[in-house]
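S.K.: According to Swiss-Prot, the feature domain 'ABC transporter' maps to 6-228, an assignment based on sequence analysis. According to Swiss-Prot, the feature ATP binding site maps to 42, 43, 44, 45, 46, 47, 48, 49, an assignment based on sequence analysis.
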């Protein structure tokens, strides 16, 4: 049985600006096993976010292949890729990206509604997820009424609501203090343990870096195993 959830083969990404070509990533080979938690570190501007966008199918590589559970991204139409992202991938960002005009229950249930679940079923599943995260008393509140740590916990709940195989997180604790960083990482490890969810986390946060079991560093357009 193939234990690899996502794999990159000779991945390259560059951008053209007139006659000049900017190389962002060069000959990247990378793989993540199912159930692994991996961190991506590197200086600002090193290509971490671009790499995450490629892994999520939000951008196309200049050349090279990405396979998810053995399936080539390049074999999917844009419509199939959108459906794939909603079911198989979850996303957590530095800024929570919650919809400010919707309450917490509505925010978390949104990916389920997009998957054509009924409003009743979506809200029931979302409520149970928020209860798991000790947020059931916040379901009618709006993002502006929550603390930063609470908003990010809601963002994690939304990312996991479809029980994706892989969650991609870009600086998920960048705006949090150490206590809330620990809360978020504890949620990540709980989801990983309970559901075998894989995580790829780009971060500068030293508290988080110390906790992530496997680290990779992007430097000089390439990716390396990193020993902290």
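Heads up, the Cβ atoms here are built off N, Cα and C, so glycines get one too.
Note that this is a predicted model, so its numbers are computed, not measured.
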S.K.: By a simple count, how many Cβ atoms lie within 10 Å of the Cβ of residue 42 (ATP binding site), its own Cβ left out?
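M.R.: There are 20 such Cβ atoms around residue 42 (ATP binding site).
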S.K.: Ranked by the number of other Cβ atoms within 10 Å of their own Cβ, which of the binding-site residues 45, 47 ranks first?
M.R.: 47
S.K.: Taking the binding-site residues one at a time (43, 48), which has its Cβ surrounded by the most other Cβ atoms within 10 Å?
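M.R.: When each Cβ's neighbours within 10 Å are tallied, 48 leads.
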S.K.: Provide the number of Cβ atoms within 10 Å of the Cβ of residue 44 (ATP binding site), excluding the reference atom itself.
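M.R.: Residue 44 (ATP binding site): 7 neighbouring Cβ atoms within 10 Å.
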S.K.: Starting from the Cβ centroid of 42, 43, 44, 45, 46, 47, 48, 49, the recorded ATP site, name every other residue in that chain with its Cβ within 8 Å, sequence order please.
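M.R.: For the ATP site the neighbour list reads 218.
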S.K.: Just how many other Cβ atoms lie inside 10 Å of the Cβ on residue 49 (ATP binding site)?
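M.R.: Here the count is 19.
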S.K.: Per DSSP, to which secondary structure element type does residue 49 (ATP binding site) belong, with helix, strand and coil as the options?
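M.R.: Reduced to three states, the DSSP call for residue 49 (ATP binding site) is helix.
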S.K.: Return the count of C-beta atoms lying within 10 angstroms of the C-beta of residue 46 (ATP binding site), excluding that atom itself.
M.R.: 21
